[in-house]
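If you check TrEMBL, you get these features:
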TRANSMEM  33-51  transmembrane segment
TRANSMEM  71-90  transmembrane segment
TRANSMEM  111-130  transmembrane segment
TRANSMEM  165-182  transmembrane segment
TRANSMEM  203-229  transmembrane segment
TRANSMEM  249-270  transmembrane segment
TRANSMEM  282-302  transmembrane segment
TRANSMEM  340-357  transmembrane segment
TRANSMEM  369-387  transmembrane segment
TRANSMEM  424-449  transmembrane segment
TRANSMEM  461-481  transmembrane segment
TRANSMEM  493-513  transmembrane segment
REGION    563-608  region 'Disordered'
């Protein structure tokens, strides 16, 4: 997603204060947003690197408390987001355009779908594609029982839950709120302006600053989470290629090297090169998954893909609302390690993905936006999990096994080892993750720069460089704090940072519904006025038509009468002065004249 600003940006703005408008146009930072966010991240990185064990203890305690007290909240709020997104798609509000009424989409439909496909691909999908279904098979959800095959199918269903409609419903809300404000109301492409219908002018002050700070910190931890997962899997893949980097210093080396590549791209302005790299990576991902499909148990994978969609649709409502309240510590542990972590990660990541899909969706209707963003990336995720996760499950159930005992970052490469051309597949997968790391860091720095520059599409280069360094430092700090259990630290910060931004998304729902409803009501009233006007004009035309018809009949009668008089000048039965009589009878007197005539008639009667 590094190249999502491929077209010349629109720098015109609507009702925005001069202070913010000037910063947006010039790409200058908003110090009231940039400095607090920078201080927060500096304190976090400094403390975590200085006291990694203490930081890990704090993370673990906070994770326990947040999951214990707010796990139900994450479950409920994401369910509400899904319902709200579907409502927008099916309701009459879906006809409203994300742009002027006469606007056309910036990109063709297929190109737009390709953008959404790109948004759905990333490090997380590669990291968890093979390992998550297997993890749910080894350690299933508390209420899952049955044969090994049934447990494996339930594991695939939970993978579909975590990577399907639910994350993309979150992105729908954030992306649509930003797109509506930016494309229809001419606001800058920033988080705070999505809440203007609800907060009014308060978004220009402290409230808006707080919202952007929360978004900045959330995006930073979302990017750092992806970078951390990517580093862990790159190190694991290099181990299969006989290069040992599976240590904190090895992780740090990977982050330094890949951050340097990202910085080179940012400083030199290689947007076109990053675009080619990003597009090439999508092709590489397609080649890998299709190779695994063809060279693996093809028929089994296709059957599993179809069956898993059915199982997901059958159980999605129950899984959506499952908190495993009656399963005690076991249920709380499962929800915290999987569902709550994912919902937190997606919420933290939503400002980033939302700004991307908002940028490329100008001219689309609300309905198009909802169903394309919900279905296209989710379908791609389903296919990826069915192929990669299905292959891992097949090897575990019907093959040599041994995958169940591995760490999550090793499952993919061990699975690929059992396929033809395994070395090439492993090298390709490592390259895939490396490029996703670089493009995510590059585009993440751009989004962070936009938010900290009042929505400017062209933030200063040094601002982007700064955020690349901060994201890399955050990922490094998390990996050092986690030690042998780095994944736990990464999961913790995702859950924690999502809590405040989830409130922002709730406000976005209210703001978006308010704006769309008001606009729809204005449209309905205008439509009713138009109908009344058309009916009035139709009635007027009908009345006028009848009057013209009557006048035509009178003229015809006059013509016939004149002809009769002219033909019989000496006939006493014909009233030769009939025109005067007719004129007197048909003359319409004014009210004053009628009154005078009646008075004269009364006076003449009294005289006689």
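Backbone N, Cα and C define each Cβ position, glycine as well.
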* **Selection from 71-90, 249-270, 461-481, 493-513, the stretch that has most Cβ pairs under 8 A to the transmembrane segment (165-182)** => 71-90
* Other parts of the chain folded back onto the transmembrane segment (369-387), taken as Cβ under 8 Å at six or more residues beyond its ends -> 85-86, 88-89, 94, 98, 112-113, 116-117, 119-121, 125, 129, 132-133, 156, 159-160, 163-165, 168-169, 171-172, 175-176, 179, 289, 292-293, 296, 301, 304-305, 308-309, 312, 357, 361
* Does the transmembrane segment (461-481) come near the transmembrane segment (249-270), with 3+ Cβ pairs under 8 Å (pairs 6 or more apart)? -> yes
* Which sequence positions outside the transmembrane segment (203-229), separated from its termini by at least 6 residues, show Cβ-Cβ distances below 8 Å to it? -> 16-17, 19-20, 30, 32-33, 36-37, 40-41, 122-124, 127, 190-193, 195-196, 255, 345, 347-352, 409, 436-437, 440-441, 444, 447-448, 451-452, 467, 470-472, 474-475, 478-479, 486-487, 490, 493-494, 497-498, 500-501, 504
* Which residues of the same chain, at least 6 past either end of the transmembrane segment (340-357), have a Cβ under 8 Å from a Cβ in it? -> 1, 4, 66-67, 71, 74-75, 77-78, 115-116, 119, 124, 162-163, 166-167, 170-171, 173-175, 177-179, 189, 191, 215, 218-219, 221-223, 225-226, 373, 443-444, 447, 450-451, 491, 494-499, 501-502, 505
